[in-house]
């Protein structure tokens, strides 16, 4: 190697000098230039107001004292001004445009400034430092160079930086490389020596000739091409200077420094060598590929429907329930929502709608009823609250109708609260009255019946109100709607071990016990005792009157009693009006098949039972003997007949008695007979007519007697009792009014001696008074006429027949109504028409002797009318509101029963209190005082009573419509 290539022979130039070319000597920088670096190869011009006046300077001197550098920066000059982009070239010289590599940003006499090191300016007349541009990579510029472009790095070098200021910024290519290009910008521009050759020594080589060393056979250049190395495994070097060659694809070589291709070995099965120059072993086939033989350059991709594990030599077929795509390392279990039914599937099939497929499914499974699925479902989804799936394999749920929702299984639509499914399973119907509005999911068979309601069967839509809430507990099971102790239609029949008391809505089934039997016995004995004592006392007074002679002291007592009796007798019509009113009102609930409000029902049932002498209904007779309707029918009809027969027999006996005093007792006996028929006729007639009052229930449930729902109206036994009841109709509802009429008609001339005739010649009051006097005289002469006094005494003589009308009115409003559209609003309207007709008769005829009785009777008709009007309001459910549930309606209806009559009585009492006191109270008190004085110490048996005829005669003139006690007419 030459000595000039030895770096140790190089000498650095001192500051102020530069190297003169490659291998040249150091020379001084000319005046106006400097060299401030010992390794500089060029001199840099002074710039601005700096200068050097001699050669070999290391720095520029600054002009002072108002001078500036000359154009060549070799000295200073006096003041001079140049424009921007120009500068004075020399002292006293002219301004010249700044050349490339310079600029002037002042308007004075200074020269143009050099662009800084690391920049260049390709334009002339630059006016700003910003016109100087940084040198790009691969180039550089030194200070005071005034370059139009930066100097390129020489061949064998590169510069990766911009704005480089020194030649040393260009870096030599590493040993083992060379670069023939100038201005290289990156280390990658330096290339390695050719294969099999190296450059072990020279950095910054600018020619391939620097790669002059050849590697031996079996060797190749090192990675940096600075030394020779043995060929690695998988390569071989067959000749000198050729380097190492890679074994072919599908081969490998484990030998180092191999010199022949024969040293490359074929890859075994399951392996491959996809690249040339495989190292000591072939690559194992990756999962999803396989190599079925030797020498494979690459592993084959597994087919769809198969799998290949790592190093596979063959494909494995996927089983049913799994699948694989091409190149799969394993068969994939079919995910949820898909399936494969055969082996070798390339993909899992998406489940159909209405089916579902769990993970690994080999077939689709059907969604059960109440569920659905879309395509690709892994499980079936339950239908929502308002949807159903009545069939399996549903792809969507069906929407329920309005007011419906799905049942728990979501297989059928069930109704929301307040609705039910009828015969049309897809339509919701509003629940009828009596069914719980708060129960959801009801069908016709599962209607939730409210307490107080009943129906015949699970297929019936007719919900009936029970006679009492206590009878029916409600529920879904139609076989268990009745409360304990109740059964049968409307739960109105007592079960075994229970006995009924009351009737209709007041019916109560009580458990039989020893106390029940004792109660029946005590009540029966008490009632019989009271009735017998009353009858005996009533008859005994008359008997004693007929058998005891009247002495002076006895006559005083008799007069006192007679006086009181006469005055009290005047108020008999009020008692009769009250009796007949409550006999009618007390039966309306039964006749109308209507449940009245509780307060009203309690009050009218109590008063109605008392005035009808219906004590049997309030005793638990069923605890001691069978007490169905038939036994009651026989008792109700037979007992009055027996008692009447006994009284008639006694009457006949007295009629045949030779004792003349027996007439008074005979009169009383017949009056008792008439009173008995008056009292029992409505209740007995209702009982008789009730035999024909059947309620037909819906479906095949049958027809049952309203008075006793344990009796089937279609039975032969009931038909026999209907025949019996028909005979009793002839005897009671027909026979009694006919008897009244016949008895009164025969005596009509004596009952009305000519009131109308007298009225044509005198005042109405005078005619009434005269007629009553004549009637009283007839009574004293005719015992039979006197016996009928109960029927006519309250009425004016012209109205002798009015008791027959009153009897028929009561029968029409009780028994006869049973046959008129029973249980309907029309029945109530019919009764209201009858009531209005009767009211008109009462108002037009004014039948009573006293205005008080006329007023009282007319008020009672209005009471009855408004009671019927209230019943009609309940029946038609006015404004769709349950009037029975309203307490104010109940109270109002109850007040109607009592308040109007009380107002009439109190008004009359207040007006005539003084007359009543003088006419009744004072005479009675005085009479009893006298009686007690005269009988003191006397035997009761010696008391003589006033003659009955005298009592009637003296009382006759006090009851007509004049200005007397009960007048006011």
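These residue numbers are counts, starting from 1, taken along the chain as shown.
Every residue gets a Cβ built from N, Cα and C, even glycine.
Taken verbatim from TrEMBL:
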type: DOMAIN; residues: 93-132; note: domain 'Tyrosine-protein kinase ephrin type A/B receptor-like'
type: TRANSMEM; residues: 518-539; note: transmembrane segment
type: TRANSMEM; residues: 574-594; note: transmembrane segment
type: TRANSMEM; residues: 633-652; note: transmembrane segment
type: TRANSMEM; residues: 724-745; note: transmembrane segment
type: TRANSMEM; residues: 816-839; note: transmembrane segment
type: TRANSMEM; residues: 888-908; note: transmembrane segment
Short question: most Cβ pairs under 8 Å with the transmembrane segment (816-839), which of 574-594, 633-652, 724-745?
574-594
Residues sitting near the transmembrane segment (633-652): Cβ under 8 Å, six or more positions beyond its termini, same chain?
616, 666, 669-670, 672-673, 676-677, 680, 683-684, 687-688, 691, 721, 724-725, 728, 731-732
Note the mean pLDDT of the domain 'Tyrosine-protein kinase ephrin type A/B receptor-like' (93-132), expressed as a whole number.
84
What does the DSSP secondary structure composition of the domain 'Tyrosine-protein kinase ephrin type A/B receptor-like' (93-132) look like, as residue counts for helix, strand and coil?
3 helix, 10 strand, 27 coil
